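Novice: Take this structure first; my questions come after.
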Amino acid sequence: MTRSISILGATGSIGASTLDLLRRNRGAWKVVALTANSRVAELAALAREFDADIAVVADERYLPQLREALSGTGIATAGGAAALCEASARPVDMTVAAIVGCAGLAPVMAAVARGGTIALANQEALVSAGDILMSAVERHKATVLPTDSEHNAIFQCLSGNRFVDIRSITLTASGGPFRAWSQDQLATATREQALRHPNWDMGAKITIDSATMMNKGLEFIEAYHLFPVELDQLRILVHPQSVVHSMVEYRDGSTLAQLGPSDMRVPIANCLAWPERMETPMASLDLAAIGELSFFAPDEERFPATRLAREAAQSGGAAPAVLNAANEAAVAAFLAGKIAFSHITVVVERTLQRSIPRGPTSLEEVLEIDANARVWANELMEHV
Ligand code: NAD
Ligand code: MG
């Protein structure tokens, strides 16, 4: 049976992994909407290849180019933020939410509002608007399938168990390229060094987040919203080999873990086929070849990001949205060569020291908090 699918952020790393799986299962999927921010040529090529119903470019300035690239194909085109949400609201069996940053929140909310099934990779949406997003999921009877590798691992480890029996959940972290670096070395880390992740091939923003460990901080908040646990039941463990993708401990002393290669096609396939399983090109896990798995407690002196995220989650209200926005602004500034690597978390911490607004109650309020926090973070960056 053919199922319909839309991919928000089709030109990114998660988008590419998803499309690779679809390519291997041609005929199983009907592509409805594909979206991108600005890479029009790539978007148009994908829309043609998968014979999408509609291609949407978020940055409206590129719409004329997209129209031209798809003229005569019968594929509809659209541009801008509203068009992105409209495309996301089109009925499909599965929406893959793979836009990076809070920019993905409104389109995710549009998919939620039609009660869709959403494979959610876009962690920033959940960090910025966790309560609003999850209550909308409940209200509209939508389904969120966790696609982030750790959350997908947890999701799999929870299957068949009762939530009341959970003692703790442990998110594993690779530790990133600077895991063994001293504080002094961290101060000199360059963009190129930070972009070289030891285990995963991902978009630039999340790769920098992995280097600062803010990725694990965002995932901590993400896990809190996705799973029925309190903050003090959530742990972080550094595991450089990225083989154990996360674990759930039950009250009888059993710990369940999910293991696999460091390839996002595994968790994406789990979401695409859920509750069944599908074939992927992954080789079998060869633990004898890997030999050893190691685990370390995180060092929050050198990598304060997980502490900042935990504190933001404890404060609640708008703090997680401010944390996320300040981090997005600081990472963009680091990538543009404007601030040093170690200043990313300094900017986030100082932004969180501003008076934090009360918890947002609507999507509009989240977006306003997000915009204001970016302004604050950019002001602070002048002085770090
Ligand atoms: P990426 O940078 O490779 O791709 C991002 C996609 O979003 C692109 O298609 C881009 O066109 C689109 N986009 C960017 N800015 C946009 C905007 N303002 N409006 C609309 N669209 C926009 O990122 P990625 O690595 O694929 O990550 C996507 C999301 O998945 C992120 O939230 C990331 O944290 C999460 N995630 C990624 C991985 C991974 O392995 N790449 C793993 C876990 C979670
Ligand atoms: Mg992850």
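For all residues, glycine too, the Cβ spot is worked out from N, Cα and C.
So TrEMBL lists these for the protein:
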DOMAIN    5-130  domain '1-deoxy-D-xylulose 5-phosphate reductoisomerase N-terminal'
BINDING   THR11, GLY12, SER13, ILE14, ASN122, GLU124, GLY203  NADPH binding site
DOMAIN    144-227  domain '1-deoxy-D-xylulose 5-phosphate reductoisomerase C-terminal'
BINDING   ASP148, GLU150, GLU219  Mn(2+) binding site
BINDING   SER149, GLU150, SER174, HIS197, SER210, ASN215, LYS216, GLU219  1-deoxy-D-xylulose 5-phosphate binding site
DOMAIN    259-374  domain 'DXP reductoisomerase C-terminal'
Novice: Quick one: largest C-alpha distance among THR11, GLY12, SER13, ILE14, ASN122, GLU124, GLY203, binding NADPH per the record, in angstrom?
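Specialist: Binding-site diameter by Cα atoms for NADPH: 18 Å.
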Novice: Could you state the whole-number distance in Å separating the C-alpha atoms of GLY12 (NADPH binding site) and ASN215 (1-deoxy-D-xylulose 5-phosphate binding site)?
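Specialist: GLY12 (NADPH binding site) to ASN215 (1-deoxy-D-xylulose 5-phosphate binding site), Cα-Cα distance: 17 Å.
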Novice: Any idea what the Cα distance is from HIS197 (1-deoxy-D-xylulose 5-phosphate binding site) over to THR11 (NADPH binding site), rounded to a whole Å?
Specialist: 20
Novice: If you measure from the Cα of GLU219 (Mn(2+) binding site), which of the binding-site residues SER13, ILE14, ASN122, SER174 is the nearest?
Specialist: ASN122
Novice: If you draw a 10 Å sphere around the Cβ of ASP148 (Mn(2+) binding site), how many other Cβ atoms fall inside it, taking every protein chain shown into account?
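Specialist: There are 27 such Cβ atoms around ASP148 (Mn(2+) binding site).
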Novice: Pick the one among the binding-site residues SER13, SER149 whose Cβ has the fewest other Cβ atoms within 10 Å in this structure.
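Specialist: Each of the binding-site residues SER13, SER149 was scored; lowest Cβ tally within 10 Å is SER13.
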Novice: Ligand 1 is in the model; which of the binding-site residues THR11, ASP148, ASN215 have a C-beta less than 6 angstroms from one of its atoms?
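Specialist: With ligand 1 as the reference and 6 Å as the Cβ limit, the list reads THR11, ASP148.
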Novice: Tally every other Cβ atom lying within 10 Å of the Cβ atom of SER210 (1-deoxy-D-xylulose 5-phosphate binding site).
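Specialist: Taking every protein chain into account, the count is 23.
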Novice: Once the chains shown are all counted, how many other Cβ atoms turn up within 10 Å of the Cβ of HIS197 (1-deoxy-D-xylulose 5-phosphate binding site)?
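Specialist: HIS197 (1-deoxy-D-xylulose 5-phosphate binding site): 19 neighbouring Cβ atoms within 10 Å.
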Novice: May I ask which of the binding-site residues GLU124, HIS197, LYS216 have a CB within less than 6 Å of any atom of ligand 2, listed in sequence order?
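Specialist: None, by Cβ distance under 6 Å.
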Novice: Using Cα coordinates, what distance in whole Å links GLU150 (Mn(2+) binding site) and LYS216 (1-deoxy-D-xylulose 5-phosphate binding site)?
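Specialist: Distance between the two Cα atoms comes out at 10 Å.
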Novice: Within 10 Å of the Cβ of GLY12 (NADPH binding site), how many other Cβ atoms can be counted across all chains shown?
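Specialist: For GLY12 (NADPH binding site), the 10 Å Cβ neighbour count is 23.
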Novice: At the Cα level, what's the spacing in Å between LYS216 (1-deoxy-D-xylulose 5-phosphate binding site) and ASP148 (Mn(2+) binding site), rounded?
Specialist: 11
Novice: Enter the number of other CB atoms within 10 angstroms of the CB of ILE14 (NADPH binding site).
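Specialist: Summing over all protein chains shown, ILE14 (NADPH binding site) has 28 other Cβ atoms within 10 Å.
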Novice: Would you mind reading off the Cα separation of SER149 (1-deoxy-D-xylulose 5-phosphate binding site) from ASN122 (NADPH binding site), to the nearest angstrom?
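Specialist: With the alpha carbons as reference points, the distance is 12 Å.
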